[in-house]
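Okay, so here's the structure we're looking at.
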Amino acid sequence: MPKEGLLPLKWDGENLFLLDQRELPDKILYNKKSTPEEVWESIKTLEVRGAPLIGIAAAYAMYFAAKSAPGDGFESFYNYMKNKAEYLSTSRPTAVNLFWALNRIMNRIAKSKDRPIREIKDLVKEEAQKIHREDENICRKIGEYGLQLLKDGYGVLTHCNAGQLATAKYGTATAPIYLAYEKGWKIKVFADETRPVNQGSRLTALELKEAGVDVTLICDNMAACVMSKGWVNAVIVGCDRVAANGDTANKIGTLGLSILAKYFGIPFYVAAPTPTIDLNTESGEEIPIEERDPLEVTQSFGKKTAPDGIKVFNPAFDVTPHENITAFITEKGIIYPPFKENIRKIFE
Ligand code: MRU
């Protein structure tokens, strides 16, 4: 498993330290956060990113909100916290873990309404810490189930960063890879660069390399070539939101990879923690897709790479239809089609 040095988020019981992912791989810089506004800004600007990690950061932001909330009665406390949750939910729209974590904190508050406010504040902290710890266990379990789908000598292609840097620990898509590595298996990973902001080259390549995993970086447009050579036995990606029918939003480019995998007959797996599965969203059509600043596309490597005034389309995510997905790897087991029925079953 990866070294502690690349933990994306550290909590000392009262303070939150976020590894500034915008600075990677150049600098390892942890920034202290102590207000909901600071965490909002971190999520918005991708200082902290990756669906599970966004949820954890938002949960701690709710504790910061609780600390400065009025203590003169449950109703005013509750309303204050609800406003803060609504505010934090505007940081990014696609990863459902953000909304899931905020709801979980609000439910915990609602259930504690007969307790003194100072106790409720502690319960908010407890719940945030629980969400944080649970994510580590979820990722480990995903690793154990995902390992069953790999064999010694496999080539695995992944996209974006669904690694330790996107979670409390181990990652989702990377967890089976780390476990395979621990067993001494020779897994060869291909990491897509993942334009426009290069989470694959800056983050996935970095964390796998640091952990000693055999990783080869490719540009996004090289995936078909690598697959055509027979070097890829499985694709494993993460997800930002899985709809009830299995349609899956993940980093832009995932849809294309799923089509390539189908063409080449390569299994296409989605590592999906259950908090990322949204039963309230029926299909992919309902998933809100974030569009980001055109500058991410018109500049690369700090340099202008497109003419001034060019029209740009910059969606951060796309939706892979469930037909293109071989299976979901969750912490509760592997889900095969038919997804509509089988996804529901794991929540029963
Ligand atoms: O824009 P990002 O970097 O937050 O996008 C991240 C992804 O698309 C990941 O694949 C997803 O959040 C899963 S992380 C375990």
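Even glycines carry a Cβ here, placed using N, Cα and C.
As annotated by TrEMBL, substrate binding site applies to R49, G50, A51, R92, Q199, N250, K251. Sequence annotations record features per position, and here TrEMBL assigns site 'Transition state stabilizer' to C160. Annotation comment: TrEMBL describes D240 as active site, proton donor.
In sequence order, I54, A95, C160, N161, A162, A166, G238, D240, A316, F317 are the residues of the same chain, not among R49, G50, A51, R92, Q199, N250, K251, whose CB sits within 8 A of the CB centroid for the substrate site.
According to DSSP, D240 (active site, proton donor) sits in a coil region rather than a helix or strand.
Highest Cβ count within 10 Å among the binding-site residues Q199, N250: N250. The least crowded of the binding-site residues R49, R92, K251, judged by other CB atoms within 10 A of its own CB, is R92.
Across the residues annotated as binding substrate (R49, G50, A51, R92, Q199, N250, K251), the two Cα atoms farthest apart lie 17 Å from each other. The distance from the Cα of R49 (substrate binding site) to the Cα of C160 (site 'Transition state stabilizer') comes to 11 Å. Straight-line distance linking the Cα atoms of C160 (site 'Transition state stabilizer') and N250 (substrate binding site), rounded to a whole number, equals 9 Å.
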